[in-house]
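Here Swiss-Prot flags His520, Glu522 as active site. Taken from Swiss-Prot, the feature UTP binding site applies to Ser13, Lys191, Thr192, Lys193, Pro194, Thr195, Gln196, Lys227, supported by sequence analysis. Marked as ATP binding site by Swiss-Prot on the basis of sequence analysis: Ser14, Leu15, Gly16, Lys17, Gly18, Ile19, Asp71. Residues or ranges marked as Mg(2+) binding site in Swiss-Prot: Asp71, Glu144. What Swiss-Prot records for Gly356, Leu384, Gly385, Met386, Gln387, Glu407, Arg473 is L-glutamine binding site. Annotation source Swiss-Prot lists region 'Amidoligase domain' at 1-270, citing sequence analysis.
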Amino acid sequence: MTKFVFVTGGVVSSLGKGIAAASLAAILESRGLKVTLLKLDPYINVDPGTMSPFQHGEVFVTEDGAETDLDLGHYERFVSAKMRKSNNFTTGQIYESVIRKERRGEYLGKTVQVIPHITNEIQAFIERGAAASHDGKADVALVEIGGTVGDIESLPFLEAARQMSLRMGRNRCAFVHLTLVPFIASAGELKTKPTQHSVQKLREIGISPTALLCRADRPIPDDERAKISLFANIPQDAVISVWDADSIYKIPQMLNEQGLDRLICEELRLDPKPADLSMWQKLVNAQENPEHEITIGMVGKYVDLTESYKSLIEALRHAGMHTATRVNIEYIDSEELESGHLEVLAPLDAILVPGGFGKRGTEGKIRAIQYARENKVPYLGICLGMQLAVIEFARHVAGMTDANSTEFNLETEHPVVALITEWVDREGKVEQRSAESDLGGTMRLGAQRVPVKEGTKAASIYGAEVNERHRHRYEVNNHYVPTLENAGMVISARTPTENLPEMMELPGSMHPWFVGVQFHPEFTSTPRDGHPLFKAYVEAALAGQQRKGA
């Protein structure tokens, strides 16, 4: 029988509810429990797929092809369970489902209201999401409720959580509330009043937290914890101090040392084995004691908001942990490269162009790719980064000076990258799209197995097959592949059904390490295992650094 831990937030957003939930889940998993996580987003969008990265950050793609909140990426990095579409849902999905039921007459003529119809639907989604993991036998499901207590958008979700707790009875539900304890420099002290008011607001809804996670820029002294305990009406040992850490992988140990997992297990009447966090300690030690150091230039248009590349940044850090390397990331605005300024690329040990959409900044990215190719700097292109590498090669090596993508120029003489109009999805179903199709939910999404060409860099990295996740509408145009191959490019992986290029590379005679992938490998990297492609990329950067030194 699955038990539930609801994780809520107060005072301000962006306190790290996702990291807190994932860290607690990691501790519970280390105690031998089967754990899953869900994220409830209060916005009315059906999913974040069409939301601006500047507003929402990264869109994380699950194995089954769902476009979800970036917190699901944290969940997969901290626990062994794979997230699915059912692990993330929004107000938009809830209302869409209820309205469909009303149109079908399932409510038998009743007036459809927020309570009970919307809140019942939320509960059904939560229980269905929890049942989708571990063959329906998860011991604990942690449910992160997006937004901040007091926001009107979050109220139906909080009410649904309260109703679930009442319906399931004691010891089936626990509540963890994350709040802010700011340090006021002019007063020289931490202020607990925002936390007091946040808990008061939560209790007005009918929810009393089992534990409080108090975020601050420093450890919270015992006297302040005692004060919070008094006003929040919870024991002092349930007031957990969560201070700023230089690595998110230190958080599980921080929470465990203060007994959060013990409190939750006692509340839920669970008696698992003691926590074993030795793996997390080993990862932190590897991160803090590197033997090498490199700098990678990430060339993109969302570089002012690194949340847009959250999984990619973490994947590079994981590769650093597994190669004893400190990976520094230099964020380079691609638009600045369009007018020159290529000198910023000279100190870099490697260059990376991540995924993205739209024409803005693409010519700057192409200039960075040309620099990497001509100066033998290790290069990794992901999704759009592979497409632009093909365009750059077509223009400057294969003689197609007008080469472009139809995403950026419909009139290009050489559309070496074009819209996918038909492909077979991971379940064998034929999908068809056109330029007039809706933007939402119409991309090639999810994991797909693809054979790899023998004797290539791709084969040395992945072996005979690659299984990675996709999120894109455009593909390398097969019509131009023979011309590109005649000029020296190697297409090292193709989809088995449509023969679409999945990986490209340059041979060793042209470049020491130049690889492009149409998929998103960052979505499957974990701190436990790293990722073979990113490890190979970091090793190539180290080799290039040695060549420069020599």
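The backbone N, Cα and C atoms fix where each Cβ goes, and this holds for glycine too.
Where Swiss-Prot records a feature, it is marked here on the structure.
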residue	record	Cβ neighbours (10 Å)
Lys17	ATP binding site	26
Thr192	UTP binding site	21
Lys193	UTP binding site	12
Thr195	UTP binding site	28
Gln196	UTP binding site	16
Lys227	UTP binding site	19
Glu407	L-glutamine binding site	20
Arg473	L-glutamine binding site	17
His520	active site	22
Glu522	active site	27
Length of the line joining the Cα atoms of Met386 (L-glutamine binding site) and Leu15 (ATP binding site), in Å: 35
List of residues, in chain order, with Cβ under 8 A from that of Ile19 (ATP binding site) and at least 6 apart: His74, Ile248, Ile251
Per-residue Cβ crowding (10 Å cut-off), top of binding-site residues Ser13, Ser14, Gln387: Gln387
Those binding-site residues, out of Ser14, Leu15, Thr192, Pro194, Thr195, that come within 10 angstroms of Glu144 (Mg(2+) binding site) at the Cα: none
Binding-site residues: Leu15, Leu384, Met386 - member with fewest neighbouring CB atoms within 10 Å: Leu15
Local backbone state of Gly385 (L-glutamine binding site), from DSSP in three classes: helix
Residues close to L-glutamine site centre defined by Gly356, Leu384, Gly385, Met386, Gln387, Glu407, Arg473, Cβ within 8 Å: Gly355, Phe357, Cys383, Leu388, Ser405, Val417, His472, Tyr474
Cα-nearest neighbour of Gln387 (L-glutamine binding site) within the listed binding-site residues, Leu15, Asp71, Lys191, Thr192, Gln196: Asp71
Rounded Cα separation (Å) that holds between Lys191 (UTP binding site) and Lys17 (ATP binding site): 20
Cα-Cα distance maximum in Å, computed over every pair in Ser13, Lys191, Thr192, Lys193, Pro194, Thr195, Gln196, Lys227 that the record assigns to UTP: 23
